[in-house]
Amino acid sequence: MESRHMQRKLNYGRHDPLQSVVVEPCEDQKNGYWIIYIHGGAWRDPRITAESFETTKSVLQANYNLPIAGFASLNYRLSASVKFPQDKNTTPAEEYRKAKHPDHIRDVEAALAFLQNTYNFGQRYILVGHSCGATLAFQAVMGAIAGHREQVSDQGTNDCDVQTEPVSSSPEPLPPRLSAHPAAIIGVAGIYDLRAIVKSHRDIVEYRQFVEGAFGADETLWDAVSPAQMVGSRGVEGGWKTGRLAVLVHSDDDELVEKAQLEAMREVLRAWEAREAQIEKQELSSGERRARVVPISGGHDDAWKQGQELARAIATAFAELSKMGLCPESAA
Ligand SMILES: N[C@@H](CC(=O)c1ccccc1NC=O)C(=O)O
């Protein structure tokens, strides 16, 4: 592979080493899209990090010729896990995992704003999220969570009034504003309805544990932050005004997240799809939107561990953008 593409790890926050991104700009594809990955691990698994995108990235670079302007993979602060206990007395404070909603999504927003300020790609990016990373990807464009922070070019109205989060325990100021939402989101093995996933696994304590670990025990908050639960101005429908393409990816071999999660998200995306995208005046395309389902094979974590199926899903998204007239020819 070409070696002039340099991979670097950059920090976007000062309170936790997990406030970092692994980036690799691709100098020869300036008109392409940035691929920005958000890893899974139930908001708490310290073994699953930004580096978990490496294999998929290598597959994309070796086997596809897509117009990709750069790769970024985000780390974000994690919640505590009973499976990986830490001793508060001996763990350096910045490494002690204690994040609670909205810390995770605020870190994702801060990372995206940091990348936008650094690389100036505007809306030309695709958010790819796996498992709880898919939750975070769609939360980043939900009206009730982040939509009021988007700056739409022609002064979109601010129709979001309610704050749906507890006061953050985080010492951080609010992250800089997200200047633009992604053109496309790819949700892989995603969790989109917290109440439903806990209920459908009520005999396995782990599910309630990781949801409470990240969001607390108040189930009305679970609904308010679930992309498949919020409709209208508080959901993806009202929040993701400039969005063009949503791709939902799932494997029937997935042993951890059931297909009902995808189906619930597919339903709320129907209302989003029916509305026209808000587009820049100089843009020549129509406001057409698409939501697509892409089946893959393999177990829950095989998507990123093996990389081939995730890479294929990403290539499918580029093919859709291309059909919509939203994709440049790839250079070389
Ligand atoms: N290894 C994980 C398990 C996990 O990631 C998970 C389990 C069930 C359903 C979804 C999961 N991950 C989603 O991000 C853990 O530490 O809990």
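In case you wondered, yes, glycine gets a Cβ from its N, Cα and C as well.
Matching 9-13, 39-43, 84-88, 254-258 against TrEMBL, the residues noted as motif 'HGGXW' span 39-43. In the three-state DSSP reading, ASP254 (active site) counts as coil. With a cut-off of 6 Å between Cβ and the nearest atom of ligand 1, the active-site residues SER131, ASP254, HIS300 reduce to SER131. Counting residues of the motif 'HGGXW' (39-43) by DSSP class, helix then strand then coil, yields 0 helix, 0 strand, 5 coil. Cα to Cα, ASP254 (active site) and SER131 (active site, nucleophile) are separated by 11 Å. Cβ environment of SER131 (active site, nucleophile): GLY40, GLY41, ALA42, VAL188, ALA189, GLY190, ILE191, LEU256, VAL257, HIS300 lie under 8 Å away, each six or more residues apart in the same chain.
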